[in-house]
Amino acid sequence: MTTSDLDHRNAPDKFDVMTADEFNLWCALNGKPYRLARHVWPDGRAEWDVEVDPGKAEGMVCYGTGREDEAVAAAAAFAFIAGVEWAEAATRARMEDEILAGEEADDDYEGEEDMPAAPLAANEDDADLAAVDETDADDDAGEVEAEGGLEAVDDDAEDADGTASGAFDESADAVDGAPVLEVDAEAEIAAEAGPADDGDEEAAPAAWDEADDGYGNENGAAADDDEDGAEGYDYPPLALLGEPDSHDKTPEDEQKLADNARTLETVLKNFRVRGEIMEVKVGPVVTLYELEPVPGTKSATIINLADDIARSMSAVTARIAVVPGRSVIGIELPNETRETVYLREIMDSDAFQTGEHKLPLALGKDIGGKPTVVDLARMPHLLIAGTTGSGKSVGINGMILSLLYHLPPEKCRLIMVDPKMLELSVYDGIPHLLTPVVTDPKKAVQALKWAVREMESRYKAMATLGVRNIEGYNARVAELVEKGERVMRQVQVGFDRDRREPIYEEQPMDLRPLPYIVIVVDEMADLMLVAGKEIEAAIQRLAQMARAAGIHLIMATQRPSVDVITGTIKANFPTRISFMVTSKIDSRTILGEAGAEQLLGQGDMLYMKAGGRITRVHGPFVADSEVEKVVRYLKDRGEPEYLHTVTEEDGMEAESLAPDMGGNGGGGGAGAGVLENLPSSGDDLYDQALALVLREQKVSVSFIQRHLQIGYNRSARLVERMENEGVVSPANHVGKREILVSAASLYGQATAED
């Protein structure tokens with residue numbers, strides 16, 4: 001192979017003088033790990049040398065041209081690569097010949113071992129049968145050798161496939177010399193013919209049947225390790241989602257990429273930035289040019305040229321960032337023809353089907369076209385920002401559909417908050433919802449407070465079983481149910497006023513597995529306007545503690561300002577996604593650095609993992625008709641089991657998914673009817689204060705003073721009276737008091753006295 005055999009589309013122009021830059025560009029476009037560089041010897045003499053793996057620790061000079069002339073050195077470098085490829089091809093051909101020769105020798109050896117089969121054919125006076133005998137014996141020996149590789153197949157699959165098992169048994173008998181030549185030949189013919197055309201599925205291997213039970217089946221259902229939890233749930237089929245358009249993908253024009261790379265190098269030289277384009281990666285939306293600058297070049301110098309590079313390259317926008325873990329700088333320029341990413345191709349990929357994700361979210365494709373699927377359970381919460389038209393709501397729909405396609409309602413419940421009343425209301429009525437889609441900001445605040453109480457209740461249940469997270473709790477519950485064991489819990493049923501002690505009794509604990517709870521908030525700015533302090537406090541508690549309890553947040557806003565995304569919220573949401581924003585300030589607010597203002601919109605996003613590493617992802621397009629089809633499919637196959645107290649006031653008797661552990665936690669405050677029927681003490685103000693404390697589950701002098709609008713001294717006397725009557729505990733070393741009774745127990749005790 002010579003330089004004339006190289007691809008003329010990528011090789012330099014033969015009519016012009018070849019240069020080192022053309023050689024290096026050709027290597028970058030064709031994936032060759034070489035670079036032609038000029039070196040100066042200590043005596044002042046210079047020459048051009050070929051380096052292998054430049055820019056890496058193992059990089060070295062692999063060929064010295066011994067030439068000072070750049071054109072001659074470039075020609076020698078092309079000849080060197082041609083020689084290397086010729087040597088590799090010759091070595092590969094020689095190794096293949098040796099392997100084939102070894103296999104022929106093995107076949108001859110096996111034929112000598114099976115010679116005793118020939119006399120059998122001679123005794124039968126059938127020459128044709130002798131030929132069949134030799135062929136079958138050779139094939140049988142090969143099958144016996146390959147049988148060791150089939151031992152890894154599941155025993156159930158082998159037992160289910162009676163035809164295959166019988167064929168292997170007959171093969172083994174044939175090797176032992178048993179006269180079953182005619183039967184063996186029929187088995188060989190049947191094996192070569194493959195499955196019957198009459199639709200008889202019994203002849204197909206059971207391993208294929210088992211594989212069809214996962215994502216590869218016609219419904220596209222999620223393969224789950226725990227089949228018991230998914231009984232009765234029909235996973236939505238992938239056919240409900242739109243198929244990718246084959247005409248949408250445009251072939252790569254290598255010559256045009258090479259021209260763009262040369263132009264980009266020229267533009268950088270005009271701005272006094274010297275370097276080489278080492279590699280070009282074409283993605284569905286943008287193309288990444290990896291630039292290795294000369295030593296001494298500051299990254300900030302190149303990053304600040306983003307607008308000038310976009311103008312010079314006639315591009316809409318350009319994003320420049322350092323590639324993590326490498327010495328190159330990535331320059332991302334948009335493609336002339338944008339490829340649409342579909343949710344179906346992400347869900348049909350191996351990353352979604354075979355990934356070990358508890359709560360998978362299909363984000364889209366990275367700049368190289370590789371599907372990106374992340375696990376919400378590991379994040380453990382997600383903060384999303386993006387201006388109108390950036391694709392934020394479409395991205396949230398893709399995340400929700402990812403959960404619906406992967407988990408049944410028994411394992412994942414959703415709370416959706418949509419103050420705009422337009423984006424998430426379409427999901428009303430699906431079996432995964434804990435409560436109807438919340439559109440009132442005040443009810444959204446109550447839903448977050450309910451989640452805090454649910455988290456506390458789950459923590460008490462996990463502490464009772466001695467586990468640390470929801471996975472351990474569900475495994476422990478399954479183990480106890482299988483053994484038929486019961487766990488007892490202490491429940492407060494009253495209060496002894498004489499001894500001023502609560503009264504407890506033992507009750508069996510409800511052993512049911514806990515589902516994951518995902519709270520999706522489409523617009524957080526409206527909630528912060530209604531109840532900023534309460535929202536921030538609830539979000540802070542959930543973000544800090546709810547991961548182990550299986551409660552996760554997905555919160556989005558189109559106004560990523562500091563009054564919406566406060567420092568407290570940012571500190572507790574290490575994983576964030578930014579769609580296109582309007583300014584660098586908004587990008588720094590959500591990501592901590594600029595870059596999101598350079599995105600292209602329509603699903604183009606920056607995904608920041610915990611730790612600060614940022615990846616560019618192109619989100620999938622999800623049409624409204626696709627969402628409606630999936631929702632209609634789920635509604636037809638199940639009804640939601642709502643907990644109506646999720647959005648009720650704090651004073652209502654709150655239902656909980658976790659077992660009631662007694663006391664004051666978990667289930668929340670007292671019921672409204674119970675508070676209305678509390679025994680009267682003859683002092684209306686004291687009764688109001690008592691009802692307030694039991695409803696809000698908090699007590700302090702300033703709290704009562706603020707809500708009842710009374711003086712400090714009078715409020716202090718009310719708290720002292722509650723302490724004397726055993727309603728609240730004495731103040732501890734930091735001045736905090738605990739509520740010792742519930743409204744239900746106080747009302748029940750008063751009823752018993754009457």
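Keep in mind that glycine also has a Cβ here, set from the backbone N, Cα and C atoms.
Marked as compositional bias 'Acidic residues' by TrEMBL: 149-161.
According to TrEMBL, the feature region 'Disordered' maps to 149-174 (among others).
The annotation region 'Disordered' is assigned in TrEMBL to 210-257 (among others).
The compositional bias 'Basic and acidic residues' annotation in TrEMBL covers 244-257.
Sequence annotations record features per position, and here TrEMBL assigns domain 'FtsK' to 369-588.
Its Cβ taken as reference, Lys392 (ATP binding site) is surrounded by 26 other Cβ atoms within 10 Å in the chains shown. In the three-state DSSP classification, Lys392 (ATP binding site) falls within a helix. Taken from TrEMBL, the feature ATP binding site covers Gly386, Thr387, Thr388, Gly389, Ser390, Gly391, Lys392, Ser393.
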Cβ-centroid neighbourhood (8 Å) of the ATP site, Gly386, Thr387, Thr388, Gly389, Ser390, Gly391, Lys392, Ser393 excluded
Gln558, Phe579, Met580, Gly601
In all the protein chains shown, the tally of other Cβ atoms within 10 Å of the Cβ of Ser390 (ATP binding site) is 25
Which of these binding-site residues has the least crowded Cβ, counting other Cβ atoms within 10 Å: Thr387, Thr388?
Thr388
On the domain 'FtsK' (369-588), the mean of the pLDDT values is 89
